[in-house]
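Novice: Take this structure, written in structure tokens, and hold onto it; I'll ask about it next.
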Amino acid sequence: MRALTAVFGVLIVLKETEAWGYKNGILHNSIWLEQAAGVYHRESRKGRYQLTYKEAKAVCNFEGGTLATFDQLEAARQIGFHVCAAGWLDKGRVGYPIVKAGSNCGFGKVGIIDYGYRLNKSERWDVYCYNPVAKECGGVHTDPEKVLVSPGYPDEYQDEQICYWHIRVRFGHRIRLHFLDFDIEEDTDCLSDHLEIYDSYDDVSGFVGRYCGDQLPDDFISTGNVMTLKFLSDSSVTAGGFKLQYISVNSSQLFDLLADSFS
Ligand SMILES: *[C@@H]1O[C@H](CO)[C@@H](O)[C@H](O)[C@H]1NC(C)=O
Ligand SMILES: *[C@@H]1O[C@H](CO)[C@@H](O)[C@H](O)[C@H]1NC(C)=O
Ligand SMILES: [Ca+2]
């Protein structure tokens, strides 16, 4: 029964990969994902589900970290680490962290979706690494108010950056984004470098907009208490980067904000 569940799980996850990868010429959920409590998700540069156990270990070691343990992954999950991709863990275990139940990921369950200790270490999955001093780019943010900047700001951002910021405020509150500085390599459709806003927990649903150039994007207010920002830069031409502030607003503050914007 357990084996059946695991096989079933693999099928679901494989099916889901179609929603990831390239969509409209934009890479979705690749290489650097969010990180929390020193845990982060990695996939092979060749793409999703390409790493054997040995290779997975090498990826983490190469970056100065180790394979995350089940407990480290769970600790990260408890502060909002949510990734819809199965990866190797310490001692050959495979699983992934689900914070928010969804019909298309994690069988509607919340917790570590556990595929158990794999007997066949040649199976190919992604990996979860643990490195408490890993590069700061994106992350999970639960403060009611914070300033977020592009990597290296106020210096120019570098090529080939992928950062995810997950913002999660108190249930019932909403998130207001306000841009303070904005300068990203400009091109048609913002395909080279861009910041994307998603009114949801991931970069698959709730797409709000993709931004580049040097005009400040308009303020945005989320519909729920979570939001995802994604920054991506390609292999040439950088720019000044961005700085924005988010603020958690309750329903009465929201009412005032909306009243202001219509007066
Ligand atoms: C182990 O997994 C690999 C990759 O899925 C597969 O090619 C190989 O046949 C499996 N080995 C065994 C003994 O099942
Ligand atoms: C909303 O926040 C404001 C400012 O912090 C506070 O004065 C007010 O009581 C809050 N309203 C609700 C409904 O929580
Ligand atoms: Ca660029």
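Keep in mind that glycine also has a Cβ here, set from the backbone N, Cα and C atoms.
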Novice: Using the record from TrEMBL, pick out the residue from CYS60, CYS190 that is joined to CYS129 by a disulfide.
Specialist: CYS60
Novice: In this predicted model, what is the average pLDDT of the domain 'Link' (38-131)?
Specialist: 90
Novice: Could you say which of the disulfide-bonded residues CYS84, CYS129 has its Cβ with the most other Cβ atoms inside 10 Å?
Specialist: CYS129
Novice: Going by DSSP, give the three-state secondary structure for CYS60 (disulfide bond).
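Specialist: Assignment for CYS60 (disulfide bond) reads helix.
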Novice: Within 10 angstroms of the C-beta of CYS60 (disulfide bond), what count of other C-beta atoms is obtained when all protein chains are considered?
Specialist: 21
Novice: Would you mind reading off the Cα separation of CYS60 (disulfide bond) from CYS105 (disulfide bond), to the nearest angstrom?
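Specialist: Taking the Cα atoms only, CYS60 (disulfide bond) lies 25 Å from CYS105 (disulfide bond).
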Novice: Measuring Cα to Cα, how many angstrom lie between CYS129 (disulfide bond) and CYS84 (disulfide bond)?
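Specialist: Between the alpha carbons of CYS129 (disulfide bond) and CYS84 (disulfide bond) there are 15 Å.
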